[in-house]
Amino acid sequence: MPKKFYVSWDNLQREARRLARRQLPVSQWKGIIAVSRGGLVPAALMARELGIRNVETLCISSYDHNNQRDLVVVKAATTAGDGEGWLVVEDLVDTGTTAKAIRELYPKAKFIAIFAKPMGEQLLDDFEVAIPQDTWIEQPWDMALEFATPICDEE
């Protein structure tokens, strides 16, 4: 079983804000391309921090929670053209398979992610947190808070 890295909502927002600060000035951006689904929340955070209201989606699928499978482009961000002036936002770049496809679709876009693993890191223009390749990231939207039984009541 791979190591796991758990991301809280607070941690995600803090890292997104740090990454957003490096994307200034805002005037250089026509909009954001949110990579669905993992990049939707980070893109919303970026849009808020940068004051960008033009948000497109690229619906691309290569994971079924824990399993990587064939890449499928469900919907492209057609108004973004070759990506010039656009900021592509993803939560994580892992092996680079999805990132390569995104680079082919939008070669002139700036491609950023909150988290990056070594195999995909070189495909990004910017990222905030380096994660070891053998570590699985659990994002806050995939988890739920639940009641923890007090130690004295565990028996």
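Placement of Cβ uses the backbone N, Cα and C atoms for every residue, glycine included.
According to Swiss-Prot, the protein has these features:
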type	residues	note
BINDING	R37, G38, R69, E90, D91, L92, V93, D94, T95, G96, T97, T98	5-phospho-alpha-D-ribose 1-diphosphate binding site
BINDING	R69, D94, T95, G96, T97, T98, W136, I137	GMP binding site
BINDING	D91	Mg(2+) binding site
BINDING	D94, I137	xanthine binding site
BINDING	D94, I137	guanine binding site
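Structural mapping of features recorded in Swiss-Prot.
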residue: R37; record: 5-phospho-alpha-D-ribose 1-diphosphate binding site; DSSP class: coil
residue: R69; record: 5-phospho-alpha-D-ribose 1-diphosphate binding site; DSSP class: strand
residue: D91; record: 5-phospho-alpha-D-ribose 1-diphosphate binding site; DSSP class: strand
residue: G96; record: GMP binding site; DSSP class: coil
residue: I137; record: GMP binding site; DSSP class: strand
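Considering only the binding-site residues R37, R69, the Cβ with the fewest other Cβ atoms within 10 Å is that of R69. Each residue contributes its Cα atom, and for D94 (GMP binding site) and R69 (5-phospho-alpha-D-ribose 1-diphosphate binding site) those atoms are 13 Å apart.
For I137 (GMP binding site), the same-chain residues 6+ apart in sequence whose C-beta sits under 8 angstroms from its C-beta are K4, F5, V7, D91, L92, F115, I131.
Among the binding-site residues listed here, namely R37, R69, V93, V93 has its C-alpha nearest to that of W136 (GMP binding site). Long-range C-beta contacts of G96 (GMP binding site), restricted to its own chain and to partners at least six residues apart, with a cutoff below 8 Å, comprise M119, G120, Q122, L123. Neighbour counts were taken at the CB atom with a 10 A radius for the binding-site residues T95, T97, T98; the maximum falls on T98. Contacts of V93 (5-phospho-alpha-D-ribose 1-diphosphate binding site) defined by a Cβ separation under 8 A and a same-chain sequence distance of 6+ are given as A99, A113, F115, A116, K117, G120, E121, L123, L124, F127, in order along the sequence. A distance of 11 Å separates the Cα atom of T98 (GMP binding site) from that of R69 (5-phospho-alpha-D-ribose 1-diphosphate binding site).
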